[in-house]
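Here's the structure, in structure tokens; my notes come after.
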Amino acid sequence: MADVEVRKEKKKKKIKEEPLDGDDIGTLQKQGNFQIKPSSKIAELDTSQWPLLLKNFDKLNIRSNHYTPLAHGSSPLNRDIKEYMKTGFINLDKPSNPSSHEVVAWIKKILKVEKTGHSGTLDPKVTGCLIVCIDRATRLVKSQQSAGKEYVAIFKLHGAVESVAKVRQGLEKLRGALFQRPPLISAVKRQLRVRTVYDSKLLDYDETRNMGVFWVSCEAGSYIRTMCVHLGLVLGVGGQMLELRRVRSGIQSERDGMVTMHDVLDAMWLYENHKDESMLRRVIKPLEGLLVNHKRIIMKDSSVNAVCYGAKITLPGVLRYEDGIEIDQEIVICTTKGEAICLAIALMTTATMASCDHGVVAKIKRVIMERDTYPRKWGLGPKASAKKALIAAGKLDKFGRPNENTPKEWLTGYVDYNAKKPAAQEVSPTNGSSEPSKRKLSTSSVEETAAAAVSEETPSKDKKKKKKKHKGDEEAPEAAEEEAEPVEKEKKKKKKKDKDRDRDEAQE
């Protein structure tokens with residue numbers, strides 16, 4: 001009996017509560033309202049478990065904590081399901097045989113969306129990580145296509161090699177910048193190009209069959225098939241690639257919630273027939289998941305829509321900024337709710353931002369957020385409000401320009417910076433006198449202005465005649481050459497006349 005009890009105790013396993021994985025965003029969305037709240041002092045929060053772009057936000061440098069939170073927009077995980085689909089991506093396990101474009105077209109048809117794009121073409125026989133961007137997320141496709149890739153390849157050598165060490169040594173030689181030419185069967189022009197291989201490892205090698213498996217981390221656009229051929233040449237026996245799988249594209253790997261085509265189909269079927277969003281939210285991830293490795297700048301809610309319309313990203317609109325921002329570095333501008341507004345190129349370093357109180361922080365590279373997601377908050381100052389009142393009263397035209405009803409106070413007190421300044425500006429007086437100094441015209445300049453006035457009054461025919469005279473003067477040296485040409489032209493005309501006569505006679 002005692003033995004039986006011991007066995008039962010061994011069989012009973014304690015069910016451990018597994019901590020929620022940060023990548024499982026389907027379950028994270030219901031845990032809380034992820035949003036930065038305005039405060040007068042630094043709040044003590046544990047933001048290490050916050051998702052996406054708000055992770056560790058309390059470690060960002062604070063420029064200001066004072067702003068007016070707006071109810072518009074929402075956390076990427078709490079978006080409405082239709083909006084969630086339009087601003088998401090799928091980390092897809094591409095099946096063998098169909099091309100990347102076919103797979104993307106199928107997903108577009110399954111999800112019933114307007115646009116889809118992918119992170120870089122995979123050959124039909126190649127499987128693995130293919131990031132499919134949906135609708136608004138297609139704006140990130142270019143940055144994903146240029147991101148680094150990782151592959152696992154199976155190769156076969158055409159002859160025996162002395163040892164596995166030789167194969168490993170050959171792989172190590174194929175690192176750094178390499179010359180590559182696309183394979184015989186390829187969709188692009190077969191011209192020589194340089195691609196960088198960052199790292200490679202020989203995972204396994206079978207000496208009996210001369211087959212091996214290696215892992216490689218390389219630049220986008222590298223040809224692994226060509227690399228296998230080069231490995232065979234380095235070893236002196238020749239070689240070829242048998243199979244290939246992409247295990248990482250950018251920051252998304254095959255371990256980061258990769259899904260199959262069947263998962264996408266099942267998720268959409270559940271949503272359409274049972275209104276169950278849970279699986280669809282697990283299959284599709286918010287586009288902010290692709291920008292986690294970018295340096296962040298958090299903007300005030302009132303300046304979000306202005307940036308969406310292309311306004312400059314200036315310091316007064318910045319709430320927080322990350323350490324280590326360098327000039328010309330690609331960064332992400334985000335809201336207090338963790339939504340990506342745009343990708344930008346930094347024009348200030350972190351140190352400059354800390355020491356300045358004005359200036360342009362970054363220039364926009366690609367706007368991601370839809371316009372008017374947040375309300376317009378520009379044109380609400382005292383001058384702008386007064387201008388709107390005058391337009392409504394008819395004292396300014398609909399474009400805000402002065403008309404006959406415009407009051408004198410407005411004309412003297414308002415400076416329109418959008419109006420184009422005249423080319424000849426008045427020179428500021430250098431003397432102590434209040435009157436602006438006027439430059440006296442010389443007698444020659446007076447005569448020139450008078451002559452110009454007379455020439456303006458004369459009809460345009462005289463101008464044409466003058467132009468013809470000038471042309472005649474220019475063409476004078478070429479006259480000798482032109483005299484020889486008429487003789488040849490006359491001969492040609494005679495020949496044409498003779499041909500015309502022959503045709504007429506033939507018709508008669």
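Note: Cβ is positioned from N, Cα and C throughout, glycine not excepted.
Per Swiss-Prot, the residue from the list Thr127, Thr350, Thr449 bearing the note phosphothreonine is Thr449. When the residues Ser96, Ser253, Ser437, Ser444 are compared with Swiss-Prot, the one annotated as phosphoserine is Ser444.
Of the residues Thr27, Thr196, Thr208, Thr443, Swiss-Prot records the annotation phosphothreonine for Thr443. Checking Ser99, Ser119, Ser442 against Swiss-Prot for the annotation phosphoserine singles out Ser442. When Ser200, Ser385, Ser455 are compared in Swiss-Prot, the phosphoserine annotation sits on Ser455. Using a 10 Å radius centred on the Cβ of Asp123 (active site, nucleophile) and all shown protein chains, the other Cβ atoms total 18. DSSP assigns Asp123 (active site, nucleophile) to coil in the three-state reduction, placing it in neither a helix nor a strand.
Break the domain 'PUA' (294-369) down by DSSP state and the numbers are 17 helix, 31 strand, 28 coil.
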